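**Q** Taken from TrEMBL, the feature GTP binding site covers A:8-15, A:33-35, A:50-53, A:83. Among the features that TrEMBL reports, active site, GMP-histidine intermediate is placed at A:49.
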């Protein structure tokens with residue numbers, strides 16, 4: 001496994017699964033966190049997740065410049081875990097970045113990384129069409145990034161109720 | 001099969017699949033219904049489902065005390081069908097019960113039941129993040145219960161468009 | 001393969017997958033488009049999709065009378081691609097057609113078609129229960145049609161992040 005893409009719903013156990021896969025590999029563990037705390041609910045969630053990961057992990061906050069961070073930090077003896085691409089998409093939209101260019105840069109970074117990379121994303125397209133246009137744009141962007149990374153990754157797992165279903 | 005967990009979306013055919021699995025087993029059939037009718041739409045849906053099940057089934061309304069009802073009713077010659085855990089989660093939240101304690105009690109009851117138990121739940125985490133905090137809390141709670149029961153059950157099936165996909 | 005049903009979320013790559021499967025078959029390619037452009041966003045999407053399909057395809061707009069269009073156009077040397085059933089459902093509801101009768105007519109048309117038919121649909125039931133009753137009715141109707149066509153089709157694929165998962 002050089003790259004693994006873990007896709008799932010909210011509270012599907014996708015992050016836990018991805019962390020367990022990372023911890024099963026030898027080497028340092030570096031968590032690339034895309035979450036930004038805009039309110040108390042998010043802050044509490046981020047702190048709880050960091051505590052849950054335990055002392056074997058280092059954490060780097062990467063709200064935006066993810067492709068560069070992957071290329072700069074990937075190494076043969078180090079496992080990168082990116083959690084998650086869906087928040088990254090949201091951050092990119094808020095910062096008015098070029099989504100197509102960023103998606104392509106991410107896929108290239110995953111392919112060229114000098115060590116194993118595990119990426120987590122939400123599947124958000126399986127509910128009713130959202131009422132507002134921004135949510136629809138976000139859903140489209142998240143789906144496009146998921147397709148691009150699934151096409152690039154060596155292994156893809158869909159997680160439901162904590163259980164993996166191999167897609168690739 | 002001692003315990004089977006059936007997970008799926010709205011109108012995925014998950015209840016029909018679970019009922020067919022229950023009916024394929026020998027013994028009495030007891031339906032543990034968690035639905036509460038708060039309005040005419042729900043009342044009509046509950047009555048239609050009860051009529052659809054036919055005369056081989058008995059029904060017990062269990063909006064809240066599900067772990068105790070499973071332990072009290074499970075027996076070697078009787079199949080229990082719990083439909084569904086997601087409405088139960090909603091009932092627990094409305095009644096301000098301790099969700100972690102109830103989840104643990106449910107998992108224990110499924111493990112210790114003296115006969116076969118089939119449990120149905122909705123997957124609700126694959127759409128866009130809901131606008132309001134209560135819906136997000138509900139989604140988190142439902143996802144946590146799904147993970148706990150999927151970890152406990154002997155067999156797990158994901159249903160899409162009426163067709164089962166084995167998760168475990 | 002006489003009939004193939006392709007189910008997936010928004011931006012899951014389901015249309016692309018269905019088109020690739022159609023193009024892998026010999027014969028003419030006829031796209032039965034159910035989309036109606038009610039606003040500029042939809043118009044742009046429809047035009048982009050038509051351009052993406054390329055010159056090998058013919059297109060027929062069929063917002064409502066889909067069963068008749070399938071029976072009239074199916075032929076041994078022609079592949080029909082219906083995209084998508086979920087918009088068709090929405091069109092039927094808007095036109096106050098009898099959904100049960102239309103679903104049955106569609107299943108019959110797919111079974112009796114004189115050539116291969118590929119049908120695409122959205123899975124919309126895996127998010128939180130929608131707030132408004134119309135969206136809930138739509139979600140129920142879409143789910144029922146998906147179950148009916150999945151039961152009828154020779155092959156069913158669930159698409160996530162561009163990757164197919166065989167359901168049947």
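Any Cβ shown, glycine's included, is placed from N, Cα and C.
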**Q** Can you tell me the CA-to-CA distance separating residue A:35 (GTP binding site) and residue A:49 (active site, GMP-histidine intermediate), as a whole number of Å?
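**A** Rounded to a whole number, the Cα-Cα distance is 11 Å.
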**Q** Across all protein chains in the structure, which of the recorded positions A:14, A:49, A:53 has the highest Cβ count within 10 Å?
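**A** Top count of Cβ atoms within 10 Å goes to A:14.
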**Q** Give the three-state DSSP assignment (helix, strand or coil) for residue A:12 (GTP binding site).
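**A** Where residue A:12 (GTP binding site) sits, the three-state DSSP reduction gives coil.
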**Q** Distance check, please: Cα of residue A:8 (GTP binding site) against Cα of residue A:49 (active site, GMP-histidine intermediate), rounded to an integer number of angstrom.
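**A** Spelling it out, the Cα of residue A:8 (GTP binding site) and the Cα of residue A:49 (active site, GMP-histidine intermediate) are 17 Å apart.
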**Q** Three states by DSSP: which one describes residue A:51 (GTP binding site)?
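**A** Looking at the DSSP assignment, residue A:51 (GTP binding site) belongs to a helix.
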**Q** Given the recorded positions A:10, A:12, A:49, A:51, A:53, which pass a C-beta cutoff of under 8 Å against chain B? Sequence order please.
**A** A:10, A:12
